[in-house]
Amino acid sequence: MKQIEKVRYRELIYFTILTFIIFITHWKLLSFDVWQDDNALLFKIQHPYEQVGVFGAGELGLGAYRYVAYPYILLSNIFGINLSIFYLAGLVIHIATAAAVFFLSKVFIKKDELAFLSALLFAISYIGAESLIRLFNSIQTSLSILFILLTFFYFYLYKSKKFILYLICSLLFFFLSIEIGYVRMQYSLIPLLTFWLLYFLNFKKIFVSLITIAPFLGIYIYEYVLNADSRTNLIGTFARQLAMGNFEYLYSFFATIGYLFIPDIFLANIYNFSSTIADGNLIRLYVVEALIILIQLIALYLILWKKNRKYFQATGFSVLAWAVLHKIFFVNLYIGNLQGYQGVNLLAGFIGGIVIIYLVSYIRCLSPLNDLKKFLIFFLMWVFSNVAVYSIYLPFVPLETTSRYLTHSGPPFVLALGLIFYSFGKFLKVSYKYIFLAVILINILLSFFYIQNFYVNKMLPIKHFYLQLKTYVPSIEKNSIIFFEVADDSKSRQQFADFFSVGSMPDTTAIAVRYGLDRYDLQLTQSFNEFKKIVMDKPSVKTYAFYYGDGQLRNKTQDFINFSQKRKIWNVNNEFYIDSDTKVYENGTDIVNKTIKITCLPNVPVFPLELQFKAQARLWEEPDLKFPLAMVDELRARFVCKNYFDSDQLEKSYKAKESMSKISEKIDIKTVSEEKGFEQVNLADNSTDSVWRGGRGHWIENHNEEILIKFDDPVSLSAIEWYNAYADTTPTKYQIEMSPDGINWVITSSMDSSAKKESGWVTEHVGDVSISFIKFSIFDTYEHDSPAISEIRLIEPGIDKNLIGKEVTLLGNGYCFRDSISYMAIRNGNQFKLKDFKVTIITSDGVRDYFFYKSLDLVMGDNFNEYKIMLDLKGLSIKELRFGPSQFPSDMVIKDIEFVSTIGT
């Protein structure tokens, strides 16, 4: 009895220390707000019986994310909507999960200190640290880990004591782990089968062995085979690609293993430090890898040579073989097929391969199949299976060490690491505790600073933003419209995305949960044109306008009201001149045009305006010039003409432009789905900067996307071109069909490949056909994510696609004339316009300046022509306006400059 009390007392001390350290490293969580998907979760908590996002209807919910909200709903019934309580609950369950790690280690290995150190390492581990900072994942992930740990805890007890109740408990917890953590437990079949093979398979009693595993398999088949979603098909795709020799599909697997064993922050610093040793990404990679191999071989020699030369030779040879394999297959394949490879990820993959070699070699060094060897195999298969599942889903996106997807690898990883430290200590006859404690200390520091940095960089801006919003607008009426203008810098836009990107629900959800509204009770927009249209259509609705930048929210509502009441014009009542200076060089004439700079501007509002002005542009007379001409910029940097003017090309280019314009007037494009901010209208807006992207939710569920193009009247086509927006979302399996009537379809182009294409135009030749409908069906992409296309353009027969837009190059900056004949042909022509004339708008937020560039075509001649440019000021005031330089032999006059409001009457 005293011995039992002593054990219980020691365990109490362990859990007290463990709890204390967890709260030391994670206490900041209790001050966290909600962000991104957590807004949808909070809305579900407030409206438990509604069909909300991915949670489904009812308190328990439906679908893959069932039960996620239920624990919080129970807590809210007691404590109300209390975020500190919600985060605390996540920590408490995380502590319970750490306790389960302790007891599983204890029942397996029967070493209390080792079990405690393993549990402590899991509790404060940097691996999967992201889970605890998201309410969406926190409790669900911890509960599913807790239940899978209890599954193996009772399964092992059943193996040892053959008490049927233990088997029933194991089955129950296995079912609960999958039922509650459905989206995280696909990997569970592999460790389950590994455990069964190691401890229960007995060919002499094969029937009993099969009876033991059968109910577990039944549960798994029911959950993941009979109710499989579209992502299950990715397993077949992954296997086929490997069978065809596309080994780059192992990119994510090896790199993620590397990030598991060496935290990403360390690998990034190691790789960056290598820049002091060598230049060039690839050379740096090879230098670092060579140093790593050298250090490892020296360590292997010191450790293994005198102990067992056979294992040193085998392991050393394997490490060197991996380096060669990595060079031949992986590096070359990544460069050839991935093209945009990243050195640090390749380094992580290299280390991941070496880690696997060492682990296999080390397991071979252990005694024949004893418990220690079995435990290590079981835990490592558990780790690798979880990584493999996400590598199949995201084969080209290595998971960072903190990724929530790796949290399930945490328990088996720390248990395997503990066994390795313990057994290696025995092998070398040294204490394992010191290195284990060092690893724990490193993880404490990494986790602590990760959470602190996350709080400062994410949570504080969120808290500050909504505090300011509440100050400006204590309450929001139903049907209100809110417009946010966001500064055009990456930091502000990322912060704004954290405030509102809800994922499975409208972005208005983030405001609705804080104002006690429904997500459909208000409208939210970042498009001023959309805001303007809504206000003009519904003038009586309550409107709010804000600008966010530099971490501050500014209320522009009253400015907008004043701005919209009456159409206003702000004038600049001066004329401005551009006179060209000429300097004759031995090889021709360099022409440098001055730039008009206007700083004395009226105090215009920060909302989008229309800039209007009149300009006269006249080409110089021929006697003033010498040929061939050469252009230089304002700083007199020399420009060499590579292609001289070709009047025939110019004429064909104008013809191509006219054809594209004619077809674009007839086109009607519809897509099955679209992602917020990546709408279908971007497919035909004559800009490759804007992007359409299929809705990711639709893609995950259906794994297909469709673009339907309809024409008012039949059109003749010879080719279709589409602009691949991102290399990672390259459509790899698709088909293009055409129809004269929308009923009878003919496949004119198709693709089924694993190749990755860089961003750019892709041409599909269709022959000369007359059609009224085009259907572009996409079934897969390079990274299996939803497709993204910037633009679609249709080529008529007789049009040279290579000359589309060429007139901009022919008549743009650095335009070159070989002789006076070509120059006079342009000067006397009727359709000549000065292309790509720059108008620069410089805005300021009071701290720094921002430059926005607009280009337009200036008509050349003696008359003044009127021009209009839309200015989206991004909530900033105009500091300076610049016209030019034109980079062309011309004189110019700019007058009647006006800023005109775009709303009001």
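Each residue, glycine too, has its Cβ placed from N, Cα and C.
The domain 'F5/8 type C' feature in TrEMBL is assigned to 670-784.
According to TrEMBL, the transmembrane segment annotation covers 12-30 (among others).
The transmembrane segment feature in TrEMBL is assigned to 69-102 (among others). Below 8 angstroms of C-beta separation, residues 11, 14-15, 18-19, 22-23, 26, 29-34, 41-42, 44-46, 48, 52, 55, 59-61, 115-116, 118-120, 122-123, 132, 135, 138-139, 142-143, 145-146, 149-150, 153, 411, 414-415 of the same chain, each at least six residues beyond the ends of the transmembrane segment (69-102), sit close to that stretch.
Residues or ranges marked as transmembrane segment in TrEMBL: 114-133 (among others).
The transmembrane segment feature in TrEMBL is assigned to 139-157 (among others).
Taken from TrEMBL, the feature transmembrane segment covers 164-185 (among others).
If you look at the transmembrane segment (247-271), the same-chain residues 6 or more away from its ends with a CB under 8 A from one of its CBs are 126-127, 238, 241, 284-285, 288, 329-330, 333-334, 337-338, 343-353, 355-356, 383-384, 387-388, 390-391, 394-402, 406, 409, 413, 446. Under the heading transmembrane segment, TrEMBL lists 247-271 (among others).
The list of residues near the transmembrane segment (283-304) in space but at least 6 beyond its ends in sequence, with Cβ under 8 angstroms from a Cβ of it, reads 270-271, 274-275, 277, 311-312, 315-316, 319-320, 323, 326-327, 331, 343, 346-347, 350-351, 354, 428. Residues annotated as transmembrane segment in TrEMBL: 283-304 (among others).
The transmembrane segment annotation in TrEMBL covers 316-335 (among others).
The annotation transmembrane segment is assigned in TrEMBL to 341-363 (among others).
Taken from TrEMBL, the feature transmembrane segment applies to 375-393 (among others). Sequence-distant contacts of the transmembrane segment (375-393) (same chain, at least 6 residues past either end, Cβ-Cβ under 8 Å): 108-109, 186-187, 189-191, 194-195, 198, 231, 234-235, 238, 250, 252-253, 256-257, 260, 359, 363, 366, 399, 405-406, 408-409, 411-413, 415-416, 419-420, 423, 784.
Here TrEMBL flags 405-422 (among others) as transmembrane segment.
Here TrEMBL flags 434-451 (among others) as transmembrane segment.
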Secondary structure composition of the domain 'F5/8 type C' (670-784) [DSSP: H/G/I, E/B, coil]: 15 helix, 64 strand, 36 coil
Residue numbers, six or more beyond the limits of the transmembrane segment (434-451), whose CB comes under 8 Å of its CB atoms: 21, 24-26, 28-29, 117, 120-121, 124-126, 129, 132-133, 263, 265, 402, 417-418, 421
Contact ranking winner - 12-30, 114-133, 341-363, 405-422 against the transmembrane segment (139-157), Cβ under 8 Å: 405-422
Averaged pLDDT score, the domain 'F5/8 type C' (670-784): 83
Most Cβ pairs under 8 Å with the transmembrane segment (114-133), selected from 12-30, 341-363, 405-422: 405-422
Long-range neighbours of the transmembrane segment (405-422), counting only residues six or more past its ends (CB under 8 A): 97, 100-101, 104-105, 108-109, 111, 114-115, 117-119, 121-122, 125, 127-128, 130-131, 137, 141, 144-145, 148-149, 184-185, 187, 191, 256, 260, 362, 372, 375-376, 378-380, 382-383, 386-387, 390, 399, 432, 435-436, 439
Same-chain residues near the transmembrane segment (12-30), Cβ under 8 Å, at least 6 residues beyond its ends: 84, 87-88, 90-91, 94-95, 98-99, 102, 112, 116, 119-120, 123-124, 132-133, 444, 447-448, 451-452, 455
